[in-house]
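Asker: Sharing a structure, written as structure tokens. Questions coming.
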Amino acid sequence: RICPRILMECSSDSDCLAECICLEQDGFCG
């Protein structure tokens, strides 16, 4: 996965950029 290292709050993977996934544990993309 190619994920920009930008901390974005998320509630689902679609909130994240590129190939990021939403890390439900901390509520941020990663």
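Yeah, the Cβs are placed from backbone N, Cα and C, and that goes for glycine too.
Per Swiss-Prot, the features are:
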type	residues	note
DISULFID	Cys3-Cys20	disulfide bond
DISULFID	Cys10-Cys22	disulfide bond
DISULFID	Cys16-Cys29	disulfide bond
Asker: Consider the disulfide-bonded residues Cys10, Cys22, Cys29 and say which one has the Cα lying nearest the Cα of Cys3 (disulfide bond).
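Answerer: For Cys3 (disulfide bond), the closest Cα among Cys10, Cys22, Cys29 is found at Cys29.
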Asker: For Cys10 (disulfide bond), just count the other CB atoms lying within 10 A of its CB, please.
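Answerer: Taking every protein chain into account, the count is 20.
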Asker: To the nearest whole angstrom, what is the C-alpha distance linking Cys20 (disulfide bond) and Cys10 (disulfide bond)?
Answerer: 10
Asker: When you measure from the Cβ of Cys3 (disulfide bond), how many other Cβ atoms are you left with inside 10 Å?
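Answerer: I count 13 other Cβ atoms within 10 Å of it.
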Asker: In whole Å, how far does the CA atom of Cys16 (disulfide bond) lie from that of Cys22 (disulfide bond)?
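Answerer: A Cα-Cα distance of 7 Å.
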Asker: Expressed to the nearest Å, what is the distance separating Cys10 (disulfide bond) and Cys29 (disulfide bond) at their Cα atoms?
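Answerer: For Cys10 (disulfide bond) versus Cys29 (disulfide bond), the Cα atoms are 6 Å apart.
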Asker: Tell me, how many other CB atoms lie within 10 A of the CB of Cys16 (disulfide bond), whichever protein chain they belong to?
Answerer: 20
Asker: For the C-alpha pair, I'd like the distance in angstrom between Cys29 (disulfide bond) and Cys22 (disulfide bond), rounded off.
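Answerer: Cys29 (disulfide bond) and Cys22 (disulfide bond) have their Cα atoms 4 Å apart.
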Asker: Once near-sequence residues are set aside, which residues in the chain of Cys22 (disulfide bond), 6 or more away, have Cβ atoms under 8 Å from its Cβ?
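Answerer: Correct list: Cys10, Ser11, Ser12, Asp13, Asp15, Cys16, Phe28, Cys29.
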